[in-house]
């Protein structure tokens with residue numbers, strides 16, 4: 001083995017040892033600093049740099065937004081005849097798709113708007 005080859009092997013061993021030590025001790029690699037910018041003062045939100053309002057919970061979730069009621073009163077009529085289609089077309093998907101008091105019910109061939117019983 002020539003001296004230059006031996007020197008290259010030694011350099012790689014030293015570099016590998018240094019990388020291994022940095023990984024074990026948790027030393028951050030240059031350019032990967034965990035904290036950038038100013039350190040927030042007491043009571044300041046570290047994310048946006050704003051002071052939190054007293055009595056306001058940062059983590060509390062908001063109530064879900066309630067939309068219009070999707071079901072109308074009444075029950076769907078009983079349908080005695082069924083079509084032979086495998087996937088019949090639907091004229092509606094929910095009660096709000098139907099005008100007035102009509103409900104979206106299973107018809108003889110797909111969903112359709114019916115006057116409830």
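From the backbone N, Cα and C atoms, a Cβ is placed for every residue, glycine too.
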Segment assigned the feature region '2 X tandem repeats of SVP-1 like motif' in Swiss-Prot (from 29-72, 73-116): 29-72
Spatial neighbours of residue 105 (disulfide bond) among the disulfide-bonded residues 83, 92, 113 [C-alpha, 10 Å]: 92, 113
Which disulfide-bonded residues sit within 10 Å of residue 76 (disulfide bond) - Cα, from 83, 98, 104, 109: 104
The repeat 'SVP-1 clotting 2' (55-72) [mean pLDDT, rounded to integer]: 65
